[in-house]
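The following features are taken from Swiss-Prot:
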- Lys12, Leu13, Ser14, Gly15, Gly55, Arg59, Thr162, Asn163, Tyr168, Asp171: ATP binding site (BINDING)
- Gly54, Asp74, Thr135, Gly136, Asn137, Pro138, Phe139, Phe140, Thr141, Thr142: UMP binding site (BINDING)
Amino acid sequence: MGEPVYRRVVIKLSGEYFAGDQSFGIDQPTIDRIAGDLIAAQKLGVEIAVVVGGGNIFRGVEVSSRGVSRPTGDTMGMLATVMNCLALEAAIERRAVAARTLSAFVMPQVCELFTRGAAHRYLAEGKIVLLAGGTGNPFFTTDTTAVLRAGEIGAQAVLKATNVDGVYSADPKKDPSAQRFERLSHSQALEGGYKVMDATAFALARETSLPIIVFSIAEAGSIGAILSGTGRGTVVAG
């Protein structure tokens, strides 16, 4: 692989992907594969921060119809992201690479509190930084968290890992005529209503001029391929 396109990025990983072929929980082979991909990508000379969802363990929006308030449900979901980050941290460190989990919540017995200074320091030290706890506030998705944290730590792009190789005009699994876009502007992504990322995340990325690269995580090495400019995906920028 050649020189990396970006030197500091935030990678957004779906919590559901952590479950592997299961409908719930953490699939260790999947976590191990992701850890290996992150380490390989870091070896390209890229400083890597990761935001992980919590949908493999808990989805706050789904319990709001069952008597749990949306703020409480979202908080439970954000705590699920901490568990995912700790599992990924352990998988990375088993490979003799340093990782640190920083949380939006104060939980000193578990992990450090996220601050910009701590994130900058650990990235400069060559550690993979795992950003847990969402924004720390209800009603915001982990997609929005990824864009927010990218702005805070000076990342050059957000890499949004999905189960398809970019943004399509329709669901390619349901519509074989769906068109894949090589590039979209932030405004086009918002106006098109594409479901690959929520509108708040796209709007914040537009406001901060932050590129988002949507790609498939299904194959090993896909993160490194995107970072080296050889991967297949959709660039949302401009």
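Just so you know, glycine gets a Cβ as well, placed from its N, Cα and C.
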- [ ] Round to a whole number and give the Cα-to-Cα distance in Å for the pair Phe139 (UMP binding site) and Gly55 (ATP binding site).
- [x] 15
- [ ] For the recorded UMP site, enumerate neighbouring residues of the same chain (Cβ within 8 Å of the Cβ centroid of Gly54, Asp74, Thr135, Gly136, Asn137, Pro138, Phe139, Phe140, Thr141, Thr142, site residues themselves excluded), in sequence order.
- [x] Gly77, Met78, Gly134, Thr144, Thr145
Task: Rounded Cα-Cα span from Gly55 (ATP binding site) to Thr141 (UMP binding site), Å - done: 11
Task: Candidate with sparsest Cβ neighbourhood (10 Å radius) among Thr135, Asn137, the listed binding-site residues - done: Asn137
- [ ] Tell me the Cβ neighbour count for Thr162 (ATP binding site), meaning other Cβ atoms within 10 Å of its Cβ, over all protein chains shown.
- [x] 20
TODO: Any same-chain residues 6+ apart from Gly54 (UMP binding site) with CB under 8 Å of its CB? Would you list them in sequence order, or say none?
DONE: Gly15, Gly77, Met78, Leu79, Ala80, Thr81, Met83, Asn84, Thr142
Task: Other C-beta atoms that fall within 10 angstroms of the C-beta of Gly55 (ATP binding site) - done: 22
TODO: Enumerate same-chain residues with a sequence separation of six or more from Ser14 (ATP binding site) and a Cβ-Cβ distance below 8 A; give 'none' if the list is empty.
DONE: Gly53, Gly55, Ala161, Thr162, Asn163
TODO: Could you tell me which of these binding-site residues, Phe139, Tyr168, has the fewest other Cβ atoms within 10 Å of its Cβ?
DONE: Phe139
Task: Surrounding CB atoms that lie within 10 Å of the CB of Lys12 (ATP binding site), all protein chains - done: 28
Task: Between Tyr168 (ATP binding site) and Asn137 (UMP binding site), the C-alpha gap once rounded to whole angstrom - done: 30
